[in-house]
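Take a look at the structure below.
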Amino acid sequence: MASTVLSQYPAPVAGASLLLTFKGPRATILIIGGDALAASRAFAALEAGIHVLILARGSICDELKWRADHQQINLIDWDTLPSPSTSSAPDTESLSVFLTEHPSISLICITTHTTDTPALARVCHAHNIPVNVADLPALCDFSFAATHRFSDPETGEKSALQIGVTTNGEGCRLAGRVRREIVSTLPKEVAGAVRQVGKLRHLAKSVGDQTESGGEGDEGEDSGVTTPNRPVPRWRYGVDESKEESSRRRMKWVAQVSEYWPIARLTSMSEDEMKLILSGDSPHTSYFTPAPTESSLHNLELSLPPKKGRILLVGSGPGHPSLLTIATHNALTKHADLVLSDKLVPAAVLALIPGHVEVRIARKFPGNAEGAQSEMMDAAVEAAQRGLAVVRLKQGDPVVYGRAGEEVLFFREHGFEPLVVPGVSSALAAPIFAGIPVTQRGVAESVVVCTGVGRQGKEVKLPGYERPRTVLVLMGVARIAQVVSAMIRDDDGSGEGLQSGEGRREGRPYPRNTPIAIIERGSMPDQRVVASTLGDICEALESAGEQRPPGMMVVGWAVLALQGAGDTSVLDEGEDQDEERVRKWLGGSRWVMREGIDPGWAEV
């Protein structure tokens with residue numbers, strides 16, 4: 001008979017931990033050690049309101065000293081403890097005496113190890129005080145979970161919501177990763193929801209002058225079991241229920257609200273709504289049931305707060321639709337109510353936007369760049385204020401010369417924190433489409449990204465020549481003559497020797513035979529690459545005909561590294577080989593020009 005009864009219940013499986021939460025102020029923790037780990041343990045205890053004693057000798061970390069100076073913790077020098085002079089183990093004896101004199105100590109952590117550490121742990125066990133010994137799980141009675149405390153998005157302060165993950169000693173680093181992944185999947189409003197449910201819970205108890213029963217699951221019947229699926233009578237206090245029944249009914253409403261309301265809806269509860277909910281007279285109660293009707297869903301929709309608009313700053317990549325990130329694709333096809341696009345975003349990307357979504361193209365032209373920029377930012381704020389989801393679509397990556405920074409600050413000033421969605425930067429992708437690696441062993445060890453034109457058309461300083469470096473110049477093709485002149489000129493304009501750093505270049509001038517490639521409309525079917533040397537590139541680009549914006553320049557020996565049979569010995573050979581290297585690369589011509597992209601992209 002007994003075996004039959006036992007089989008009805010789950011059999012305990014060893015290997016788990018009893019997960020508890022400790023809060024002060026009746027608890028005291030003793031931390032033996034003065035290192036950074038001791039400081040971390042002390043901080044966690046302080047946040048829980050637990051009194052902290054630090055017992056250490058020798059070096060004490062700065063944080064513990066600071067907290068002691070500010071009377072947050074008590075620092076005790078081990079050498080000041082009384083110890084029997086004849087004892088063969090003075091530390092264990094003095095610890096035992098100390099624990100006897102401090103009966104309020106509830107937990108002990110040992111963070112620094114000595115040869116006496118196992119003996120110290122045995123002293124803790126003899127006093128029936130749970131102990132944690134860092135990195136020695138066999139001596140531990142308890143362990144610390146990988147924890148995260150959420151911040152309230154409304155107040156910016158730490159909230160009451162914490163999560164903890166433990167692998168029970170099987171993988172501490174993995175526990176930290178699991179914790180991070182859990183945090184990343186929870187709604188950002190979850191801490192605000194906890195705040196509001198806490199207010200609702202306290203309001204429910206204060207109305208009936210009930211005392212807290214103490215458990216997270218005490219919002220149900222007297223048994224302490226939450227019963228959100230059980231129907232709640234629509235009674236009103238003072239009519240057909242007692243004070244105790246009224247209290248239990250209110251706590252059931254708290255349980256059902258916690259179980260069934262969307263997190264965002266919980267976060268937005270006002271105090272007046274809370275009072276209506278607890279009274280049982282609120283129309284909101286019609287959708288607490290686990291199987292809502294069409295009518296109750298309608299009530300839920302009507303009760304939601306007005307939709308708040310949002311702004312997304314989104315990078316569209318270099319141009320080829322296949323290089324859109326999933327996040328960008330979703331923003332354009334699933335979330336956008338309005339798309340405000342830069343004029344350089346290609347039609348192939350804009351074609352992905354559903355027909356019902358309004359699309360506006362920035363009216364940027366020479367002399368109107370600032371006006372068009374302001375117009376787009378104002379339009380984004382105006383639309384977001386109307387509750388629309390606005391996608392501000394930019395070429396490449398929004399923060400790589402995309403003016404995203406000033407837009408972030410503008411939108412924030414107007415009450416909207418934009419979501420910045422990275423894009424594949426044309427600075428790195430376009431050279432790949434042109435067969436140019438921006439870094440390559442034996443040729444290019446570093447890469448610099450810069451612009452060829454400054455704010456409001458002002459000149460900028462370009463980096464000087466370094467043989468193992470690739471320089472990527474964005475937005476400078478229209479001023480190719482000025483850029484090349486700044487790169488190759490020295491002080492007297494002869495194009496030889498060194499420059500002092502004045503003018504438009506910082507550092508050495510570039511040899512005239514330095515390879516350069518102009519990549520126009522990178523990644524698009526009509527991509528064009530014009531490659532030559534700095535000395536001949538202006539003439540080469542002019543011979544190619546009308547320019548095809550957007551364009552960029554790649555300057556450095558990486559330009560020829562993978563062309564033809566390839567050349568990856570640039571850094572192994574001296575500059576006296578460069579003229580022959582360039583001649584072989586160009587095949588005796590002064591420049592080369594290539595149209596289109598690899599046909600394989602049509603199949604990707």
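Counting begins at 1 with the first residue displayed.
Every residue gets a Cβ built from N, Cα and C, even glycine.
Predicted automatically and left uncurated, TrEMBL annotations should be read as such.
Database features (TrEMBL):
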type	residues	note
DOMAIN	160-184	domain 'Siroheme synthase central'
DOMAIN	243-279	domain 'Siroheme biosynthesis protein Met8 C-terminal'
DOMAIN	311-537	domain 'Tetrapyrrole methylase'
REGION	205-235	region 'Disordered'
REGION	491-512	region 'Disordered'
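Within the same chain, residues 15-17, 19, 21, 137, 143, 145-150, 190-191, 194-195, 198 sit at least 6 positions outside the domain 'Siroheme synthase central' (160-184) and bring their C-beta atoms closer than 8 Å to a C-beta of that stretch.
DSSP places the residues of the domain 'Siroheme synthase central' (160-184) in helix, strand and coil in these numbers: 13 helix, 6 strand, 6 coil. Note on the domain 'Siroheme biosynthesis protein Met8 C-terminal' (243-279): DSSP counts are 32 helix, 0 strand, 5 coil.
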